[in-house]
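Data block below; observations after.
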Amino acid sequence: MKRTVIMMLDSFGVGAAGDAAKFGDLGSDTFGHIAKACAEGKADIGREGPLTLPNLARLGLAHAAMESTGAFAPGFADDVELIGAYGHAQELSSGKDTPSGHWEMAGVPVLFDWGYFSEHQNSFPKELTDKILARAGLDGFLGNCHASGTTILEELGEEHMRSGKPIFYTSADSVFQIACHEGTFGLENLYRLCEIAREELEPYNIGRVIARPFDGTGPSDFARTGNRKDYSLEPPAKTVLDKLKAAGGEVVSVGKIADIYAYCGITKKVKANGLEALFDATLDEVKSAGENTIVFTNFVDFDSHYGHRRDVAGYAKGLEYFDSRLPEMLALLDEDDLLILTADHGCDPTWQGTDHTREYVPVLAYGAGLKAGSLGRRNSFADIGQSIASYFKLEPMEYGESFI
């Protein structure tokens, strides 16, 4: 039986990419810097000691990172019995954003330039916001700036609740984000507002509109809920997900995968929030998956909770939890199944600012007759999509080189 499981550790980079300097990210290293902080006792909040990832290490994580950076991360060495094939991949796409990374790993790199709102204050054109407000029947909005999603709630959440005005903000990514309180503004009202924004943003070539619902009574307890929703553009070409679906296969989205691909190539969506629930849902879907199925999970917490918030200890704790669950996944796989662990970009929690970092991503592959050992440096994330196409005997993708 042929099945593929893709476990996408959102933002888990393994060292500055070859073109990182162009992005201001030379020297970034999500995995390496987390390991260093742990080894130095600087990540002992909620956990303690060196970063411990025995199962990821057996799959080749430390070796992939070593080939990327030239040295083993602190606390890791060439002393494990490898069971997986490992490599690291350079992004071909023009950005370091979520859609670009996901689309490229499915065989469709983003070779055009996204639109961005580059001004840190007064970020959005008045013509755009006027159209959104008019269609939504609103008399104003808050924000209009680059911001951290948690900080802006502390600053504007109460005013939003009093006024009913939505909070519009952006970042270095190609994104338009709208934060609204679930109780006072309403979740469905937020979703409708995002749909309007998605339509009005068409001429601006913005990659995503993101609904950022939150709850709480004030700055001390405002918190995002699990009802985030991404409104992405459709990929510019057919991904390997589309091709498997067209061939009669199944593509199961766990978490926000369906949103990122604008539901293209998806046959089933499973909602789950948090590392534990996402892992549980992934296991459940693998247990019931039949022939010619992809189960594709985005573990978003690594990015949203730890990377962007520059929470080194939280990131380390999350990785160790994820690692502790991997034996459950390995036990479910048949000999012919293919397991791939990778990332879509970096988000070094020790780096300046709050944005993504341009990094190589790990490519860890297990099963399907693959021999343990190095896959080397891959020239594109699209090698993953091409390998999946080869595995399922689908029509080859335009980009990427198969390692199967």
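Including glycine, each Cβ sits where the backbone N, Cα and C put it.
The Mn(2+) 1 binding site annotation in Swiss-Prot covers ASP10, ASP344, HIS345, and the record cites sequence analysis as its basis. Taking Cβ-Cβ distances under 8 Å and a sequence separation of 6 or more, the neighbours of HIS345 (Mn(2+) 1 binding site) in its chain are SER11, GLY13, GLU91, LYS96, ASP97, THR98, SER100, GLY101, HIS356, THR357, ARG358, GLU359, VAL361.
The Mn(2+) 2 binding site annotation in Swiss-Prot covers ASP303, HIS308, HIS356. For HIS356 (Mn(2+) 2 binding site), the number of other Cβ atoms no farther than 10 Å from its own Cβ, over all displayed protein chains, is 30.
Rounded to the nearest whole angstrom, the C-alpha distance between ASP303 (Mn(2+) 2 binding site) and ASP10 (Mn(2+) 1 binding site) is 5.
Between ASP10 (Mn(2+) 1 binding site) and HIS308 (Mn(2+) 2 binding site), the C-alpha separation comes to 11 Å. ASP344 (Mn(2+) 1 binding site) is surrounded by 29 other CB atoms, counting those within 10 A of its CB over all protein chains shown.
The residues near the Mn(2+) 2 site, meaning same-chain residues not in ASP303, HIS308, HIS356 whose C-beta sits within 8 angstroms of the mean position of the site's C-beta atoms, are ASP10, SER11, SER304, GLY307, HIS345, CYS347, THR354, ASP355, in sequence order. Of the recorded residues, ASP344 (Mn(2+) 1 binding site) and HIS308 (Mn(2+) 2 binding site) place their C-alpha atoms 14 Å from one another. DSSP gives ASP303 (Mn(2+) 2 binding site) a helix state.
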